[in-house]
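Pasting a structure below so you can have a look.
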């Protein structure tokens, strides 16, 4: 690169400009008013990500800028329309073979950003779009930050979600900028904040419309060095010796309670932030780089990164061997909880007009109210303007007949689990909708081939299984039957992605994938209960293992009637190993459906209309369940044994699903279990976990359990074959370390 090194401030026609090669990511131009503009644009990529190979470019650009004697300020802005810098390219970690390699990688990032922080004239980050991870660390190194008031603009440090910590100074600069309590919250959760929230917490200095973002950033740079605003008194109090000791003690206890020790990055984040506050910046940066290097080599980080790469690769696949049809309008049959949720994500995330049909106007009103209420939360938190809520609400309409269905491209059916009713829905849509309209059933148990049995256009019938609550659960299963066309598959996957969902394509067999691996897990938990193990002990064992909730709690939340409805179908189609314990029927006969009717395995006190305590009462077991089941609760099994019994049933069934081509590959099986059930992410999913244990150990464990508890534990043929041939589900270079997760072995 070459650069004109002189500026004549009296002649505004002179402009210094870097002559950069076509592939340059960082380019510098200097305005007549002596403000330099550094534009970041990774050519060929949709978003900007930082790579190690860019370090020399950044250093050279900064050297060129510093050589301009009359330069008054710098503005860093993105050349992408909707993204600032989405983070660092985490594939760089794959090239690190030791903790020292990863440590050096972090130190290089720290060194480059230190040059920005020490730049002799003000450097301003003009932020529009995603400013995450390394992107936010770069912005933190700048002397000022201006961001756009736009829904696309979010700021965050999500490294903890990959089992890492911010490695380029984020753990040191953020606490000093916004205060230690706010910084710890952001770094430990990985949560993203929007523009107004970022301004309120002191993360950015101004929020402006996008069309004047650059102008305001330039004016900020011209203003010279400005005094840093004082932290709020609460944050100043927490930075003192007593406040700091109290805060870190509370944060550490809460973190340990939440992570159960399964996510080492959280503990290291607390240590590194504390190190910098207690011993100063140099010690903090050194601790940050060291911790980054060590965390990059942990099996937990490897597992979490594998999930990231898995979902990234899945998003690039259409699901079918054809191009999807364009989707302009969507229909939803049924305005209940599922139908209302599907309409919600279609309108608010996909931005598509959606027409709801329900036999009762009340159902339509409930569906509309659901979206109104969810958007209302965003309005109240200042994340959405009332006018935008109104605009999104106008995308949803309803009717008690098929008026308006003539021009929909896909209809999602969410009515009762009744085969004849669903077949009638297919016939109605084929009659009232357009010839190209796809019929997608949200069934959780009925075969799609049966639903399509009487269809005139069976190639346009498919399953689309959402999980409740629809707006929170990220997974959907796309279920083609034998006659479903590739175009229908691709179009359905495309709709799910527009709705913000992670979609896996699974075979049309009983239980599909998620419910099929969940059923034996729940059944085994029920057997532990019938063996006399207390309800709370069973749940705690699986929560300690890493699941977000225990299996008994999950059954209560889903609905005992719903959760057990699929069991007879699985028994009929797949055999007796799916049979629930016979005495478990008394739970349903007693009218217990779980939280939804206030009667389950736990007590659900009625909501009080009076004074609301800030802390909810601790959930209590309904001890009358023990009398109903005829058992005397007594904790006699170790937590590890309970967890082993339940999870081994799930692992065995997951392997069967792969062997029977229910799922297309181990990757989809891992994604389905993590996002559909809450399988511990730090284990990477059932197949990553089995690789870490080794097929031989899985088979040996299953055989021992079969000897002790019955033939339901007999290992499937695929696992036996893999154990004999010492095979893995993933290639060795993509597998977790052999010694990974020893606490779960």
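Backbone N, Cα and C atoms are what each Cβ position is placed from, and that goes for glycine too.
Note that the structure is a prediction, hence the values are computed from the model and not measured.
Pulled these from Swiss-Prot:
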{"type": "REGION", "residues": "47-209", "note": "region 'Enoyl-CoA hydratase'"}
{"type": "SITE", "residues": "137", "note": "site 'Important for catalytic activity'"}
{"type": "SITE", "residues": "159", "note": "site 'Important for catalytic activity'"}
{"type": "REGION", "residues": "325-745", "note": "region '3-hydroxyacyl-CoA dehydrogenase'"}
Provide the number of Cβ atoms within 10 Å of the Cβ of residue 159 (site 'Important for catalytic activity'), excluding the reference atom itself.
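So the number of other Cβ atoms within 10 Å of residue 159 (site 'Important for catalytic activity') is 28.
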Cβ distance under 8 Å to residue 137 (site 'Important for catalytic activity'), same chain, sequence separation 6 or more: which residues?
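Non-local contacts for residue 137 (site 'Important for catalytic activity'): 109, 113, 157, 166, 168, 169, 170, 173.
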Can you tell me the mean pLDDT for the region '3-hydroxyacyl-CoA dehydrogenase' (325-745)?
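On average, pLDDT over the region '3-hydroxyacyl-CoA dehydrogenase' (325-745) sits at 92.
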When DSSP states are folded down to helix, strand and coil, where does residue 159 (site 'Important for catalytic activity') land?
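Helix, per DSSP.
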